[in-house]
Amino acid sequence: MLMLLAGGTVATLLSRLYYNSGGNSKWMSTLTQSCGAPLLAIPLLLTPPAPEEERRRPAPSKLAAVYLGIGVLIGVDNLMYAYALLYLPVSTFSLVAATQLAFNAVTSRLINAQRFTPLIANSVVVLTFAAAMLGVGASSDGDGTSSSGAPPRGRYAAGFVLTLAASAVLALILSLYELAFERVVRARTPRWVLRTQMHTNLVASAVAAAGLLASGEWRTVPGEMAAFRDGPARYVLTLAGTAAAWQAALAGQVRLVARVSSLFANATGAVQLPLVPVFAVVLFGDRMTGVKTVAMLMAVWGFLSYVYQHYLDGRRAAAGKDGAECAVCAARAASNAVSSAS
């Protein structure tokens, strides 16, 4: 959980720092979101296999389909986030990205058969209104930071739509992860979590690398590095730190998907919601307008609805388990009484 929160916050801020310091390659930003996957080989080698991993070996063809399908989706999602972070202030980006909770409620219902309770419905409505407020308040961020020639309002609209689309795709990805652990992998051990994350992100890295080469942006990398604020060394450190932070966040998120559910992983990630806008105001000088403040409070309200629903589900599950244990104990006592009487 800590990896998800700390990694997600740091990765988002470093991604914005890349643009603010002179970086402009959308495909490079896309690549950094997944190219840290080889780092996962270290904990994978250090984690001993669980007994169930030896008993259950998924079919290689099914695993390949999971890795390829989810990996391509991750690559597309990362590209949309890269453009969105270029076009939007990071505080606005993080608030709009909170709508992935609402999208995840839908995908979890359709793919993972999660219950759609009144509290979750309340969260969906609140988050939708929060995003709508930010969309209407586009003029408050009219001083966008993109270096493109597009007008500020056009940049804002494009960034807003791309963030919504990326949030929807991420919600789908998390639900597909949960489905893969349940139907294909049929194991939720730490090794399978690391293995699945590593392979899907390697596919996403291949997609980003192909885009970097096909777009010709790779030719601008030496000049971008030379012109980067504080020099080439800071350029490399920024990209390396971003890549490592994204993998830390993803490792925590996928682990929560495996241990609990995609819905809970998404809700936990929303805890960073109040953190990113505050850091963005301090580090990048983003404007925290009244609309943003109200939208942030509404998004936190929506997140708390999710948390309370999970709390109720946990209590209900615990009560059901206790009831089952009591029934077993009563049956054993009755059986012993019958044996004693005979």
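Indices start at 1 and increase along the chain as displayed.
Using N, Cα and C of the backbone, Cβ positions are placed for all residues, glycine too.
Lifted from TrEMBL, the feature list:
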TRANSMEM  59-76  transmembrane segment
TRANSMEM  82-104  transmembrane segment
TRANSMEM  116-136  transmembrane segment
TRANSMEM  156-177  transmembrane segment
TRANSMEM  198-215  transmembrane segment
TRANSMEM  235-251  transmembrane segment
TRANSMEM  263-284  transmembrane segment
TRANSMEM  290-308  transmembrane segment
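Relative to the transmembrane segment (59-76), the listed stretch 198-215 leads the set 82-104, 156-177, 198-215, 263-284 in CB pairs under 8 A. Beyond the ends of the transmembrane segment (198-215), by six or more residues, the same chain brings 25, 27-28, 30-31, 33-38, 40-41, 44, 63, 66-68, 70-72, 74-76, 78-79, 247, 250 to within a C-beta distance below 8 angstroms of the stretch.
Among the recorded stretches 82-104, 156-177, 263-284, the one sharing the largest number of Cβ pairs closer than 8 Å with the transmembrane segment (290-308) is 263-284.
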